[in-house]
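Encoded as C-alpha cells, the structure appears first; notes follow it.
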Amino acid sequence: MALSKHTFFTHHLKTLAKPHYLRRPQPPPPSFISLRLLSFATPEEAAAERRKRKRRLRIEPPLSSLRQQNQPRPTTPQNPSSANNPNAPKIPETVSVLTGNRLNLHNKILKLIRENDLEEAALYTRHSVYSNCRPTIFTCNAVMAAQLRQSRYSDLLSLHRFITQAGVAANIVTHNLLLTAYMDCRKTDMAMEHYKQLINNAPFNPSPTTYRILIKGLVDNNKIDRALELKEEMLSKGFSADPIVYSYLMSGQAKGSNADGVFELYEELKEKMGGYISDGVVYGSLMKGYFLRGMEKEAMESYEEAVGENSKIKMSAVAFNYVLDALSKNGKFDEALKLFDRMLNEHDPPKRLTVNLGSFNVMVDGYCALGRFKDAIDVFNSMGEKRCRPDTLSYNNLIEQLCKNDLLGDAEDLYKDMGEKGVSPDEFTFVLLMDTCFKENRPDDAAAYFKTMVDAKLRPNLGVYNRLVDGLVKVGKVDEAKSFFDLMMGKLRMNDDSYKFMMNSLFEIGKHDEVLKIVDRMLREDPADFTDELQEFIREALRKEGRDEELTKLIDDIEREKKEAAAAEAEAAERAKASARAAVSSLINSPKLFGNKEPEEQSTTAGEAANSNDDVKQAVPEQEVSAQEIAADASSAGEGAEAENLVATEARSDGAV
C-alpha cells in the first residue's frame, strides 16, 4: 500500500523537531522511493509477480540484451563470397555444448566403448545424428578414436564420411584421427592431400600433433626427405621446435644408417632450444648415431647424461623406450634389462609414468633377437601388472617372431588369448597363422584360419587368396580350393592369372565341366572379366579334349538368353504402359469420378423437369458440374465441335489429377 504525501511529510517534521540528543543517527535519505517495495499488499502477490517475470524471461530476452543487439558492432572485413557460400566450412562446436541430454548421450556412448562394443557405439552415434539429441563432435571423435585403437580403419572412414555428410563440423582432433588412419594404412599420398585441404579450407590451423602424426608416418614409410620438408614448413608457420618431431626425424636418419643426419638434426634442435635440450626423447636416437659411428664410449656417456642419478633430463615413457631400443639393438641388452627393471620400479601412475605398451614391445623384440622366446612370452604376459593392455599390433609382433622360429603352438596360444582378452585379430594375424600352417603341413588348419578371417568380415587381398589356393592345390585338395574360389569370386577382383591357375588345376584332374560352370558364372555376373586372352586359354584346353565347340555354344546360348530377357522386359514395360492407359481411360469414363447430376439450366423443352428438381439442384455447387454437362449446354447452343474439345480438355485435366 502506498503512503500518502501528507503522512510522509508529517513524520519527517516530527523527526526534525526532536532534540539532537534524542534523535538516533539515521542514514541519509534516499534520493527516490522504490515503488517496487510499495507495490504489493501481500508477499504472495510479490511472489506471483516474480514468477510471472521469470516465465516472461524464458520467452522474451531481457531489455539489456536487446539494447546490446541494437548497438552497432565493429565489423571485421571478410570475403563476401564466403559469407554467402553455403558450402563454406563450418566452425566446430566448443566443449560448452556438451551439457544436458547431449552430455548424457556422450556418457552412454563412452560406456559402450569401455565395454568394447564398438559396433553398437557407432550405430548409436549414427542414429543420434538425426534425432532430437544430436551428438557433438567430441562424441564422434571418441568413437573414431576407439576404432583407431583397434585398427578398424574401414569403420572409422565410414563413420567420418557419415558425420561429414550429416553436417557435423569436424575439429582438429577429427582431422588428426583421419591422418593417423591414413598413415597406418600406408596411404601417405592421401594423408598429404588431406593435409593440403586442411590448410586451405579449414577454419582453424593445424596443431603440433598434426605435424607429429604426418612426420612420423612419412618416416615410417621411408619418406625422410618429404618429412624434412614438412618440418621446415612447420617452422615457417610459426611453430616452435618440437623435440618429438626431431626425435622422429633422427630415428629415421638412424634407420637409414645416416649418422651425419642424426647429428645435424640434434645440433639444429639444440640451437633452437637455446643450447640445452631438457627433453630426453632425442637421446635414444643420439645414442644410435654414436653407435653407427662406432663411438660406443660417447654413446654410453649420452646414456648416463639422460638416465644417470644426477640427470636433469626429463625422461618420459617414450624417451625411456628410445633408450631401451638403442641399447638392445647394439649389443647392450644387459644394460637394457637393468634400465627396464628401474622403469618398472619407478612406474607410479598417475604421478609418474615410466612404462607403456611400447616398453614391453621393445623388450619382447630384444628377447626374441637373442632366441629367448620363453622370456619374451613371460614379459608379454606381465603387461597387466602395470595396467598395460596389449593391442593387436603387440600380439602380431610376438606371433610373427614365434612363427618365424617354428613355434606355431605358442603362436596359436597367443591367438586364443586374444579372443579371451577381447582383442580383435586383423588380416595380418590370420595370414601369419595360415602361412605357418602350410609350412607345418597343416593345410586344413590353414583353410580354417582363412575361413574364420572371411567370416569375421575382414578383407583378405588377392595375394592372400592366391597363397591359400596354391597351398591347397599343392597338397592335392583341389575341391577345397574350388570351394574357396567360389566363395571369393564375388568378393575379389581377380585377374587372369588367378582364373588360369584355378582352371588349369581343374583341367589337370579332368573337371572340364567345372571350368564351363565358372565361365557361365563369369558371363552372367561380370562379362568384363572374360577377356580374349582367358577365352583363348580355355578354348585351347578344351580343344585337346575335342570340346571346344561347347564353349562357343555356351557363349551363344548366354547371348541369346540375354537378348530374350531384354525383349521380354521391353514387352512387359509396354504391357504395363498399356494397362496404365486403360486404367486411366476407365477412370475417366466412370460416373463415380464426375457424377451423374442434372444441369441446373435446361432447355425450354425440358422446363417442367427442371422445375421439379429445383431443390436438389440448388444444393449442388457450380464447381461440381461435370464435363458432360458442360458439353450438353454447349451442344444445345449449337457448338458441338467446341463442346467435344472442351470435354477432351476436362478429361485430360481430371485424369492428371
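Any Cβ shown, glycine's included, is placed from N, Cα and C.
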Next item on the list: Quick one: sort out which of 224-259, 296-331, 368-403, 548-583 is the coiled coil according to TrEMBL.
Entry: 548-583
Next item on the list: Could you pull the average pLDDT for the repeat 'PPR' (207-241)?
Entry: 94
Note to self: Using Cβ atoms and a strict cutoff of less than 8 Å, what residues sit near the repeat 'PPR' (316-350) while being 6 or more residues removed from its termini?
What the structure shows: 244, 247, 251, 279-285, 287-288, 291, 299, 303, 306-307, 356, 358-359, 362-363, 365-366, 369-370, 386-387
Notebook entry, point to check: Mind checking how the repeat 'PPR' (426-460) divides into helix, strand and coil residues in DSSP?
Noted result: 26 helix, 0 strand, 9 coil
Item checked: Residues of the parent chain within Cβ reach of the repeat 'PPR' (356-390), under 8 Å, 6 or more residues beyond its termini -> 317-318, 320-321, 324-325, 328-329, 333, 336, 340, 343-344, 347, 349, 397-398, 401-402, 405, 407, 410, 414, 421, 423
